[in-house]
Amino acid sequence: MLERIANIQKKLSKSIVERKINEVRKVAAVDVSYKEEKARAALVITTFPEGEVLKTKVIETTVSFPYIPTFFFLRETKPILIATKGETFDVLIVEGHGKAHPRGYGLASHIGVVLRKPTIGVAKRLLKNTPKDTYKKVGKVYVSVGNLITLEDATKIIRAILDESGYPKPLKLADKLSKGRIYEVKNTPSPNRSRKKRGNRGKDNNNSQGN
């Protein structure tokens, strides 16, 4: 069965389209966590590049397919599609690989093909036998094309929204929401904006620490 699915992945990889993306104003990120057969998917939609949270959404559903490396899309597609249904965004960041996959078709690519939306794959680790020309290391994550975006544009977008730990802020929020570590999101300035504001205060405030 898995061999047949692997062949389908190879065929579907040919449906991935790489192209320059137009103006990006809203970036969404989605992550899924599990407890037994329950999947909890969290979606976070933010402005770009400011990073202000516009909306959060958490859904729960059942899953029947087990976790099998390189076949992640069979397990996570359902909760992600439920979480993104009816939502609008310019780019979707998916916790999982896109073209950076042994068969060139990871979760982020499958979601992008199904939704017909620009998607970016982001993962903390590489899969074995991943072609080196399919990803870039940005901060602490590996970035790859999901669908309808170039690797150059995907890299620029992720670099612009990294937090101080080197992880994309919207995706980190989605991760925490999916795991129930937080239940609401409060807007905070991005690290770049915070540093700029501190620098401006230093010009007007004699008590500034000189940052």
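Every residue, even glycine, has its Cβ placed from backbone N, Cα and C.
Over in Swiss-Prot, the protein carries these features:
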type	residues	note
BINDING	D31, E95	Mg(2+) binding site
SITE	Y67	site 'Interaction with target DNA'
REGION	182-211	region 'Disordered'
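Shown on the structure are the features that Swiss-Prot records.
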| residue | record | Cβ within 10 Å |
| --- | --- | --- |
| D31 | Mg(2+) binding site | 28 |
| Y67 | site 'Interaction with target DNA' | 11 |
| E95 | Mg(2+) binding site | 26 |
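Taken residue by residue with DSSP, Y67 (site 'Interaction with target DNA') is part of neither helix nor strand, so it is coil.
The two recorded residues, Y67 (site 'Interaction with target DNA') and D31 (Mg(2+) binding site), have Cα atoms 15 Å apart.
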